[in-house]
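*Asks:* Got a structure here, written out as structure tokens. Questions coming.
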Amino acid sequence: MFVLTSSQMREIDRKASQEIGIPEVVLMENAGFCVFEEIKRDFETLDDKNIAVFCGKGNNGGDGFVVARYLAQVCPNVKVFLFDDNVTLTSKVFLDILKKLEVDINILSEELLSSLRAQRFDIIVDAIFGIGLSKDIDGLYKKVIEYINGSGAYVYSVDIPSGVCSDSAQIKGCAVRASKTVTFVYPKVGHILYPGSYYCGKVIVKDIGIPEKIIKDIKVKILTAEDLDISKFYRYPDSHKGDYGKVGIVAGSKYYPGAAALCSNAALQSGCGLCYLLTPKEVLYFQNFRRPEIIVLPVESKEGIVSFDGFVKFDEYFAKFDVLGFGCGLTKNKEVEKILIHILENFQIPIVIDADGLNVLASSRDVRELLASYKSQKVLTPHYMEAARVLDVDVKDVAKSPIDAAKKIASEFRAICVLKGSRTIITDGDEVFINILGNPGMAKGGSGDVLTGIILSMIAQGYSAFEAAKLAVYLHSLSADILLEKKTMQTILPSDIIDGLDSTIKRLIKG
Ligand SMILES: NC(=O)C1=CN([C@@H]2O[C@H](COP(=O)(O)OP(=O)(O)OC[C@H]3O[C@@H](n4cnc5c(N)ncnc54)[C@H](O)[C@@H]3O)[C@@H](O)[C@H]2O)[C@@H](O)CC1
Ligand SMILES: Nc1ncnc2c1ncn2[C@@H]1O[C@H](COP(=O)(O)OP(=O)(O)O)[C@@H](O)[C@H]1O
Ligand SMILES: [K+]
């Protein structure tokens, strides 16, 4: 399923009217009718309902006029509220029809809004702003939106809840809290990412008659099973462990021994043939939590943190690895930086960099330059704060435009970026996938280490970095969702996500 930005939607609209010749009024008529159909489907009868349709002066308001016209045919109590009757040319066509049909049209004012508080509406249609919202909402608009939110009515938002930015999902001053949002062609970014997603209620996507052939070159998609290649999950009867790849992981410290265990356990549990863990000697006591199948390469350490001198003794192993994981639980430290520089200067292995690897990347110009020119495949897996450090911006800027942030990281380092969050974004700098699976039960220290392990395992099994990242993000969050069938968000743990990979992979293969 594709996801659109407002400029892509406008371009689709432009092509439909200018290149194909479908007039804008036809699209507006179709859009309004789709919303009406959805309302009609939800209510057995509409003739006994009090309905208000709030319309802005742009084309979103025009859609609202169409909805009002259809509603007025089946319900005597439809009121239209306008902010301004200086509406767009296309909308005016439908406003004029409403006037001729003598539908109850009112121009909003503070006084009118006060009087509305004494009335009760069963259904409210929000057609105030759509993809054209351009600045923060204030004044009467804000008061009306607050009124809608406090009204207790069932609220339909046309295209997107007014106040939600369709490109960033940020709330511009305030926003309508919809019960249902009916949008057109494809969902917009604002429906998918948070916080916008909270405001949408159920999102219904409707076809308004735009020909498929002009909807192309869209580079943002919701990640679904259809986007995944599971061909390499098949294990040939005459295969051996070498066929499924060797993962090398540099992780753990005396402070975070569990991070190394989670990452390597996850790699093993998702199918790689062999998993080697380079971890400080001091961490070996953490034996119980590590799968016995993991091959441990104990690195001499300095105060419980891997030392450069200890690390280089294992150089010969690097020729064996099909992929290298770097960063989980290492701590941010000069030795860690030296080791990463050594790896980037001396080896050519696909690499997945997480956690402290990313922190070192953020602060070291040498690491940045070396990584950008490193020839093998690269995956960077920052959460929002790590992304902010890597980009040297405030975390709020990442949250405001996470897709741009992820693309920027991917482009700068010529890597796959997995920007982790409640909606994880995976991009190669061009194509973007948004993962909508997963749940807040995953918001626990260690979930990210598990994801890194799964990505490593997928690369070891022969997937490209991009394919591996998509598969891993999907499996990781699907596993957490399947766990919720028996457990709660409070009780699921990152280690359960690893155990759950069993039923998750089965489900993915079955389809
Ligand atoms: N393919 C398309 O693009 C289609 C678009 N349609 C509808 O048209 C909508 C887009 O229409 P528009 O581009 O006219 O945009 P909108 O109707 O979303 O809003 C634009 C208007 O709101 C004003 N405005 C923006 N932010 C404001 C703020 N904070 N405070 C006060 N005024 C503000 C602008 O000055 C402009 O007058 C879509 O969301 C959809 O509902 C449909 O008619 C079907 C086809
Ligand atoms: N609310 C949420 N909904 C869905 N997934 C979530 C949520 N919170 C966290 N996650 C997922 O959990 C993981 C957390 O990773 P990260 O922050 O790196 O944790 P850690 O570093 O402690 O291992 C990411 O994959 C993220 O997408
Ligand atoms: K709207």
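Just so you know, the numbers here start at 1 and follow the chain as drawn.
Glycine is treated like the rest: Cβ placed from N, Cα and C.
As listed in TrEMBL for this protein:
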{"type": "BINDING", "residues": "59-63, 130-136, Tyr141, Asp159, Ala259, Gly329, His383, Asp449", "note": "(6S)-NADPHX binding site"}
{"type": "BINDING", "residues": "Asn60, Asp126, Ser162", "note": "K(+) binding site"}
{"type": "BINDING", "residues": "Lys420, Gly421, Ser422, Arg423, Thr424, Gly448", "note": "AMP binding site"}
{"type": "DOMAIN", "residues": "9-216", "note": "domain 'YjeF N-terminal'"}
{"type": "DOMAIN", "residues": "224-508", "note": "domain 'YjeF C-terminal'"}
*Asks:* For ligand 3, pick out the binding-site residues Asn60, Ser134, Ser162 that have a CB under 6 angstroms away from one of its atoms.
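*Replies:* Near ligand 3, sequence order: Asn60, Ser162.
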*Asks:* Can you list the residues of the same chain, besides Asn60, Asp126, Ser162, whose Cβ falls within 8 Å of the K(+) site's Cβ centroid?
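*Replies:* Leaving out the recorded residues gives Phe54, Gly56, Gly61, Gly64, Ala127, Ile128, Phe129, Gly130, Ser157, Val158, Asp159, Ile160, Pro161, Val176.
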*Asks:* Need this for a regression test: binding-site residues Ile131, Gly329, Arg423, Gly448, filtered to those with Cα within 10 Å of Ser162 (K(+) binding site). What's left?
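*Replies:* Candidates kept after distance check: Ile131.
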*Asks:* Quick test of your reading of the structure: among the binding-site residues Asn59, Ile131, Ser134, Tyr141, Arg423, whose CB sits under 6 A from ligand 1?
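*Replies:* The qualifying binding-site residues are Asn59, Ile131, Ser134, Tyr141.
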*Asks:* Check the binding-site residues Lys420, Ser422, Arg423, Thr424, Gly448 for any whose Cβ is under 6 angstroms from an atom of ligand 2, and report them in sequence order.
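*Replies:* Cβ under 6 Å from ligand 2: Lys420, Ser422, Thr424, Gly448.
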*Asks:* I need the neighbours of the AMP site defined by Lys420, Gly421, Ser422, Arg423, Thr424, Gly448. Which other residues of that chain put their C-beta within 8 angstroms of the C-beta centroid, in sequence order?
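*Replies:* Residues close to the AMP site, other than Lys420, Gly421, Ser422, Arg423, Thr424, Gly448: His383, Tyr384, Leu419, Ile425, Asn435, Gly438.
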*Asks:* If you count the other Cβ atoms within 10 Å of each Cβ, which of the binding-site residues Asn59, Ser134, Ser162 comes out on top?
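*Replies:* Highest number of other Cβ atoms within 10 Å: Ser162.
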*Asks:* Rounded to the nearest angstrom, how far is the Cα of Gly62 ((6S)-NADPHX binding site) from the Cα of Ser422 (AMP binding site)?
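*Replies:* A Cα-Cα distance of 34 Å.
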*Asks:* Taking only the residues the record lists as binding AMP, namely Lys420, Gly421, Ser422, Arg423, Thr424, Gly448, what is the largest Cα to Cα distance between any two of them, in Å to the nearest whole number?
*Replies:* 13
*Asks:* Taking Asn60 (K(+) binding site) as the reference, which of Ser134, Tyr141, Gly329, Arg423, Thr424, Gly448 (the binding-site residues) have a CA within 10 A of its CA?
*Replies:* none
*Asks:* Give the helix, strand or coil assignment DSSP yields for Asp126 (K(+) binding site).
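*Replies:* DSSP call for Asp126 (K(+) binding site): strand.
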*Asks:* Would you mind reading off the Cα separation of Asp126 (K(+) binding site) from Gly329 ((6S)-NADPHX binding site), to the nearest angstrom?
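*Replies:* Cα to Cα, Asp126 (K(+) binding site) and Gly329 ((6S)-NADPHX binding site) are separated by 48 Å.
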*Asks:* Which residues, sitting 6 or more apart from Gly421 (AMP binding site) on the same chain, put a CB under 8 Å from its CB?
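*Replies:* When sequence neighbours closer than 6 are ignored, Gly421 (AMP binding site) has His383, Tyr384, Pro402 within Cβ distance under 8 Å.
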*Asks:* Among the binding-site residues listed here, Gly62, Gly329, Gly448, which has the most company in the form of other Cβ atoms within 10 Å of its Cβ?
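*Replies:* That would be Gly62, with the most Cβ atoms nearby.
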*Asks:* Report, as a single number, how many Cβ atoms besides its own are within 10 Å of the Cβ of Ile131 ((6S)-NADPHX binding site).
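*Replies:* There are 25 such Cβ atoms around Ile131 ((6S)-NADPHX binding site).
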